[in-house]
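Asker: Shown below is the structure under consideration.
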Amino acid sequence: MIHLLKNINSPYDLKKIEINQLPQLAKELREFIIEVVSTKEGHLGASLGVVELTIALHYVFDTPDDLLIWDVGHQAYGHKILTGRKDVFHTNRQLNGVSGFPKRTESIYDPFGTGHSSTSISAVLGMAIASHLKGDNTKNHIAVIGDASIASGMAFEGLNHAGVTNANILIILNDNAIGIDPSVGALKEYLTNVKTNKKWAKNNIIKALNFDYSGPIDGHDIKVLIAELTRLKKIKGPKFLHIITTKGKGLKKAEEDQVKYHAPGKFDKITGELSQKSTQNVPPKFQDVFGHTLVELAKANKKIVGITPAMPTGSSLKFMMEEIPERAFDVGIAEQHAVTMSAGMATQGLIPFCNVYSTFLQRAYDQVIHDVALQNLPVIFCLDRAGLVGQDGATHHGVFDLAYLRCIPNLIIFAPRNEIELRNIMYTAQLGLNHPIAIRYPRGTGEVLDWRKPFEKITIGTGIQLKKGTDIAVLSVGNMAKNVFLAIDLIKDKNKIAHYDMRFIKPLDEKLLVKIFETYKTIITVEDGVIKGGFGSAVNEFMIEKEYKKNIKIIGVPDKFIEHGQVEELQKMSGLDYKSIAKIIKSFL
Ligand SMILES: Cc1ncc(C[n+]2csc(CCOP(=O)(O)OP(=O)(O)O)c2C)c(N)n1
Ligand SMILES: CC(=O)[C@@H](O)[C@H](O)COP(=O)(O)O
Ligand SMILES: [Mg+2]
């Protein structure tokens, strides 16, 4: 076997290879991605699906002078490997290793950082307009975007603008008919028709937007790809190439179960068999507690509806979609729509549980304010993946939510410390709150094995004392209670330290806070959100307003972007691990 990949450290090396050797290179590149991801984990299916496209793009275009953007970026592993990061690719997504997404500071071949979807068309258009204004009319600007990502509002906004410009852009639609979960919506149906009926292809929506449309072509036929890209390179103005690929291409199991192999964890590199993880005596994931509890509640309360923007598996809304499909909606990658549609449902007396990853709710900020909070509509936001999420890194940490939500009038904000609290607040919220509520909980498993307890109503705006003490009060929110518990356990003078789970970031339990400020010399707050503007800031504001003069220390995520790594490593770096918390508590003793 010829080891072509061994000698490729840049697109310059790639271009030395004969065109008829490229299928062999594709095979090697696939094997390399599978080899690394099988042990180091990460996104798999999307990168396997664009191996030929990646090679063809770098073969035909002159990157990094030509600018290439990968939408979302989870499919850019092949791109990273061919652009000088082959030897460090084994560090993918690990602390101090390469990022799982394209990143400007990592390589000149990454002209734009991605992670959140559907940004590529706007970004590439901006670059093309800039090139034109600088008098450079030779540069190519290319965006590769998936069929689920192109259905998002932002992508449409970019296409709509680009179609009335002469910008020299090439949008490549990588159509594999699936996102993380099966793609949804009318556009998906349209694309299916385009693929099966050539008449549609001639008279299509993209052409109507003034793009020079070509395709659909086989995205795994490297020669066809090279021929078409070479042709398109000579044409100026907005161009659109539609390619058909298979997610997970080249690994049988990944092709067969594309949802699971989107990011499969560890697996056998030959058979694709997933590594077995023991589920015995492991507490459930918060997302599953959400999913099962919602089904339980929705069976009893017919007004409940569930909404997810493209994350039915990740949020576990899939349980409701399976059991009560008429009241559970996957709206595609459309966070803004998900929020406003929930608001519309709430006006008509439905009880919407709108589940959005904390990081993706950032995209629907105006909708939360203008369409929900301003009209005081009782939408129940369930914000999964709050706090540090780990290896997805800076683009995906859900650390801003407490700060960006706390300033919104009418909105209740709650962080459960465990699965039972999550169940109980979901139960409480569907009883009727007359306000919107955001319930934010972390990625991964919780604490409690026996979590299916009878529901108990939670009184809004109340915190609870978890441990008595005499000198210092530690106030935590959410699952940071666990780290505080372990921290206190490390301290000799335990009896001096009290611990409160404040539960509500808004409204604060002011009655309890008065008691706390009148009892203790020192107050320490702990949250897994940014230190500026979150829960600690709220307690600090309370102290100033009431004119208490106490030591106050806010522990939270520092005011900088936190990169990728294991959650435990990132917590340590941020001073949120139990040892760092213990150190701070001791310093006040
Ligand atoms: C704004 C936003 N919402 C949700 C996600 C989560 N997400 C990551 S990849 C993905 C599916 C992308 O599907 P597609 O564009 O078809 O690309 P493919 O994985 O099929 O290559 C989703 C929903 C995201 N990254 N950004
Ligand atoms: C690329 C992307 O945005 C998603 O695939 C994300 O990585 C999912 O995160 P979880 O693994 O936490 O569901
Ligand atoms: Mg897709």
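Every residue gets a Cβ built from N, Cα and C, even glycine.
Positions annotated as thiamine diphosphate binding site by TrEMBL: HIS74, GLY115, HIS116, SER117, ALA148, SER149, ASN176, GLU335. Taken from TrEMBL, the feature Mg(2+) binding site covers ASP147, ASN176. What TrEMBL records for 284-448 is domain 'Transketolase-like pyrimidine-binding'.
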Asker: For GLU335 (thiamine diphosphate binding site) and ASP147 (Mg(2+) binding site), what Cα-Cα distance in Å is obtained after rounding to a whole number?
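Answerer: Taking the Cα atoms only, GLU335 (thiamine diphosphate binding site) lies 16 Å from ASP147 (Mg(2+) binding site).
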Asker: Measuring Cα to Cα, how far is HIS74 (thiamine diphosphate binding site) from ASP147 (Mg(2+) binding site) in Å?
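Answerer: On Cα coordinates alone, these residues lie 14 Å apart.
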Asker: Just the binding-site residues from GLY115, HIS116, SER117, ASP147, ALA148, ASN176 whose C-beta lies under 6 Å from any atom of ligand 3, please, or none if there are none.
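Answerer: Going through GLY115, HIS116, SER117, ASP147, ALA148, ASN176 in sequence order, those close to ligand 3 turn out to be ASP147, ALA148, ASN176.
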Asker: Mean pLDDT across the domain 'Transketolase-like pyrimidine-binding' (284-448), rounded to an integer, is what?
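Answerer: When the pLDDT values over the domain 'Transketolase-like pyrimidine-binding' (284-448) are averaged, the result is 98.
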Asker: Sort out the sequence-distant neighbours of HIS116 (thiamine diphosphate binding site) for me: same chain, 6+ apart, CB within less than 8 Å of its CB, listed by position.
Answerer: VAL72, THR359, PHE360, GLN362, ARG363, THR395
Asker: For the binding-site residues HIS74, ASP147, ALA148, ASN176, GLU335, which residues place their CB under 6 A from an atom of ligand 2?
Answerer: HIS74
Asker: Across all the protein chains here, work out how many other Cβ atoms are within 10 Å of the Cβ of HIS74 (thiamine diphosphate binding site).
Answerer: 24
Asker: Looking at Cβ-Cβ distances, which residues of the chain lie under 8 angstroms from ASP147 (Mg(2+) binding site) while being 6 or more apart from it?
Answerer: LEU173, ASN174, ASP175, ASN176, ALA177, ILE178, GLY179, SER183, LEU187, LYS188, LEU191
Asker: In whole Å, could you give the widest CA to CA gap in the thiamine diphosphate site formed by HIS74, GLY115, HIS116, SER117, ALA148, SER149, ASN176, GLU335?
Answerer: 22
Asker: Tell me which residues of the chain lie with their Cβ under 8 angstroms from that of SER149 (thiamine diphosphate binding site), as long as they are six or more apart in sequence?
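Answerer: Long-range Cβ contacts: ASP71, VAL72, SER117, SER118, SER120, ALA155, GLY179, ILE333.
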Asker: DSSP three-state call for ALA148 (thiamine diphosphate binding site): helix, strand or coil?
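Answerer: Reduced to three states, the DSSP call for ALA148 (thiamine diphosphate binding site) is coil.
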Asker: For ALA148 (thiamine diphosphate binding site), what residues in its own chain, 6 or more apart in sequence, show a Cβ-Cβ distance under 8 Å?
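Answerer: Residues satisfying the criterion: SER117, ILE178, GLY179, ILE180, SER183, ALA310, GLY332, ILE333.
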Asker: Check GLU335 (thiamine diphosphate binding site) against DSSP and tell me helix, strand or coil, would you?
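Answerer: Reduced to three states, the DSSP call for GLU335 (thiamine diphosphate binding site) is helix.
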